[in-house]
Amino acid sequence: MGLKALCLGLLCVLFVSHFYTPMPDNIEESWKIMALDAIAKTCTFTAMCFENMRIMRYEEFISMIFRLDYTQPLSDEYITVTDTTFVDIPVRLYLPKRKSETRRRAVIYFHGGGFCFGSSKQRAFDFLNRWTANTLDAVVVGVDYRLAPQHHFPAQFEDGLAAVKFFLLEKILTKYGVDPTRICIAGDSSGGNLATAVTQQVQNDAEIKHKIKMQVLLYPGLQITDSYLPSHRENEHGIVLTRDVAIKLVSLYFTKDEALPWAMRRNQHMPLESRHLFKFVNWSILLPEKYRKDYVYTEPILGGLSYSLPGLTDSRALPLLANDSQLQNLPLTYILTCQHDLLRDDGLMYVTRLRNVGVQVVHEHIEDGIHGALSFMTSPFYLRLGLRIRDMYVSWLDKNL
């Protein structure tokens, strides 16, 4: 009995020492976030162990967990929910039931998940999109783009763009009773990346008749050109999303070759001919001073890979690499960033770049925010932070869309 208790105690100590992350002082519900973070890190650790033992790949294990949270398209007395396709792209569609004398607003939402995981069918995203449709009396479309590593870039971008272009067709807008002047593209995390890239493409394509009124980017990931930003250093072992996990997922977006994450961890992954792009992600210029702190800027090292991946220099994959002329036509933009988030500086730099070219930007920064908070809005993983961000997002849409 004593030996069993000792072994159990040692296992508990090992678990705590390996998965414990100190919580910042200003974090609300810190004990709950600590538990969620430990669960996330345990899943990541287990997935990596399984991959190393050749039981299953990392992304297969995590995807299996994500799928446990998928929901059916359940309609209610206010909203009709259906799973359908837009030009072969799976979408979940939310249509208000109450009669409207005028055409409705619409939101096209891209879910997060590091390009590798997730779905609009996830409980949290279904809840968010249903809430948005009901609160705004709006048509909402959740896009289920193809996932890596089964499908590498540009599959995700192409799916997102195809779904949006289909929705913007006059006959489709008429079918769903949507006002073509009141359409928003939104997304969180990697979904924020896709929302950004698709909006850039739509607004700069002269052949697309109807344009987007606004875009909403919630803690978006917009670049990996520089993998050693101040927010990367501060949140290297961060809450929910660590630097190693972020690099793992972004690498799988482009390739299965292990040379890429190895180079990314050392900030040596950009091809030799890409130095001209560094000005678009130079945090020593683009970040507000309070976030630069005493960090010293050094350029990424060129040529660490023995081959070049075109996606690493493509603004469709990394929207912060878009030049100023591509940004000038963008619509009203709402960007939300979180202090305790590895991706914080991506959003902050995009705010600066958009404002520099005259785009109207509303920026809200959550001082006690963490990455992925919108994933924690439903039982049993309920956080007040997630509901707060939901309410900020929907309230802003209601006033501006």
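Glycine too: its Cβ is placed from the backbone N, Cα and C atoms.
Neighbour count (other Cβ atoms within 10 Å of the Cβ, all protein chains): 28 for Ser189 (active site). Annotation source Swiss-Prot lists active site at Ser189 (among others), citing similarity to another entry.
The active site annotation in Swiss-Prot covers Asp341 (among others) and rests on similarity to another entry. For Asp341 (active site), the Cβ neighbour count at a 10 Å cut-off comes to 26, with all displayed protein chains included.
Cβ neighbours of His371 (active site) (same chain, under 8 Å, six or more residues apart in sequence): Ser189, Tyr219, Gly238, Ile239, Val240, Leu241, Cys338, His340, Asp341, Leu342, Leu343. The active site feature in Swiss-Prot is assigned to His371 (among others).
In three-state terms derived from DSSP, Cys338 (disulfide bond) belongs to an extended strand segment. Summarising the annotation, Swiss-Prot assigns disulfide bond to Cys116-Cys338 and lists similarity to another entry as the type of evidence.
The signal peptide feature in Swiss-Prot is assigned to 1-18; the stated evidence is sequence analysis.
Counting other Cβ atoms within 10 Å of each Cβ, the disulfide-bonded residues Cys116, Cys338 show the lowest value at Cys116.
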